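Below, the features straight out of TrEMBL:
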type	residues	note
DOMAIN	3-167	domain 'EngA-type G'
BINDING	9-16, 56-60, 119-122	GTP 1 binding site
DOMAIN	178-354	domain 'EngA-type G'
BINDING	184-191, 232-236, 297-300	GTP 2 binding site
Amino acid sequence: MPHKIVLIGRPNVGKSTLFNTLIGERKALVERTPGVTRDRLYGEAEIEGRKVTVIDTGGLTPEVEELFSHEILRQAEEALAEADLVLFLVDARTGLTPLDERIAELLRKKEKPVLLVINKVDSKKEVLNLGEFYALGFEPLLPISAKHKKGLENLRKEILAHLPEETEEEAEKSLAPIRVVILGRPNVGKSSLLNRLVGYERMIVSDIPGTTRDSIDTLLELPDGRQYLLIDTAGIRRRPRIKARTEKFSVDKAFEALDRAEVAILVLTAEEGITDQDQKILSQIEKRHKACIILVNKWDLLDGKREEGNILMEQIKYGARFVPWAPILTISAKTGRRIKEVLPLVDEVYAAYSRRVPTAQVNRALEEIKRERALYTPSGNRLKFYYATQAEIRPPTVVVFTNYPEEIPKSVERFIKNRLRNYLGFEKSPLKVVFRPRR
C-alpha cells in the first residue's frame, strides 16, 4: 500500500485546495465557507514517480455547538492514526491563532513526522509574517500558495525526504482497486452501507438528509489482497430542489464520481421502492455503460410481510427494466443483513464487465441473431450484418459491421444489444454496440 499523507488544519486554511493540487484533480469541495469538507477524502498522488495516498480532513474547530465538530475531530484522529506523514496547514494572511497552537499541541502528542505548511503566501507582506509560526515548534517552515501553485516543488521534496523508505514489496505492489461508486437519493443509507462494508464508522452518519456533501473515497483492502475504492456521494435530488451552490456542486461531483467508477451501486429503500429520481440516476448509469448493482436497503422493515415484499420487488424490477444487467439484492445496513454478499457481487459484475469474448464466438452469436428475423432501416432497406468483433472491455464493446450503420433504429440497436448480451454471457454487464460500415 502507498504511504499516507494527512492534511490537518483549522477551517479555511486551504487544505482542500492543496489536496486537489497534489492529486491533480478537483475532487474536494473548495469554497470559502469554513468547514465545507466534513469527512476525510482519499486521493492518489505521484511525487517524482512515487505513489502516495493523500488524505484531506475536515477543518478542526473549537465550536462545540456545531453539530459535526466532535465527529470531525474523531475523523481527524483516525486519519492521524494511519498517517505516515502529517502536513499541518496554517494561514499566512490570518497569522498565528490560538487554534493553530491547540492543533500543534495535539500533533506533538501523536509523535508523527510533521511538516508545517504556511499557505496563502502570495506577497511580501505574508513573507514578513512567517517568523511568528516558529512558536509552533515545527521546522522547517514551508511557505506556499496552493491557489497559485507557488512553493510546491520544495514542498514535494520535503514530503519525499520525510516519508518512510519504500520497500521492494511496496514498490512492486500495483494491483488497481475496483472503483465502486455508491449512489442514491438523500438519506437512503449510503453512508451506513459504507460503514458496514468497511467495518467501522468511516463516514459521519446522521439522520439529517444531506449529511454527506462531497464524494468521499475509502480504500478497502481485504486479507486476500483484493482492493476496492469505495466512493460515497452526496444524495442526488431533483434539480429544482437544488438551491445552495455547494449542494449543486455535490450533485455534479456525484456524477463525476460515476464517470471514474467501474461499478455503480444504486441504493433504494424498502420504504419508497424505486422513484422517478432513482430511474434518472439509473439512466445516467446506463448512458455511461457502467456495471451496476441495485441494493434495496431497510429490508428488515418487511420482515414477516412476504406478499408486500414480493410486490415491491416486482415494482423495482419493472422500474429498472432498462438496466437488465443490474442484479438486485435486498439488505439492511442497520442490522447487517446480507451485507457480506455485496462485495462478492461486486466481484461478479466486475468480472463480467472485464470479460473478453473471442471473435469467432461473437460472430457465431451474430449468425444466430440474423437467423431469428430480418431487420430493416426506417426507410425500408434491409440491414445486412457482415461480421463483428469485441473491441474493448470496461465496458465490453462490440463493433458490428453493416451496410447502413447511420440508419440503425433504436429498436434494432436494443434488439441486437440484448441478444448479444444473452448469447455472449454478459447478463450481468452492460454491453456497448457500435455500428460501422464494412471496410
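Every residue, even glycine, has its Cβ placed from backbone N, Cα and C.
No curator has checked TrEMBL annotations; they are predicted automatically.
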LYS15 (GTP 1 binding site) to TRP299 (GTP 2 binding site): how many Å between their Cα atoms?
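Per the Cα atoms, LYS15 (GTP 1 binding site) and TRP299 (GTP 2 binding site) stand 40 Å apart.
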If I take every residue in the domain 'EngA-type G' (3-167) and average their pLDDT values, what number comes out?
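79, rounded to a whole number.
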According to DSSP, does THR233 (GTP 2 binding site) fall in a helix, a strand, or coil?
coil
Between the binding-site residues GLY184, ASN187, LYS190, THR233, TRP299, which lies closest to THR57 (GTP 1 binding site), Cα to Cα?
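It is THR233, whose Cα lies nearest.
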If one measures from the C-alpha of VAL121 (GTP 1 binding site) to the C-alpha of LYS190 (GTP 2 binding site), what distance in angstrom results, rounded to a whole number?
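About 39 Å separates the two Cα atoms.
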Could you round the CA separation between LYS190 (GTP 2 binding site) and ASN12 (GTP 1 binding site) to a whole angstrom and send it over?
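About 27 Å separate the Cα atoms of these two residues.
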Work through the binding-site residues one by one (GLY184, ASN187, THR233, TRP299) and name whichever has its CA nearest to the CA of GLY9 (GTP 1 binding site).
THR233
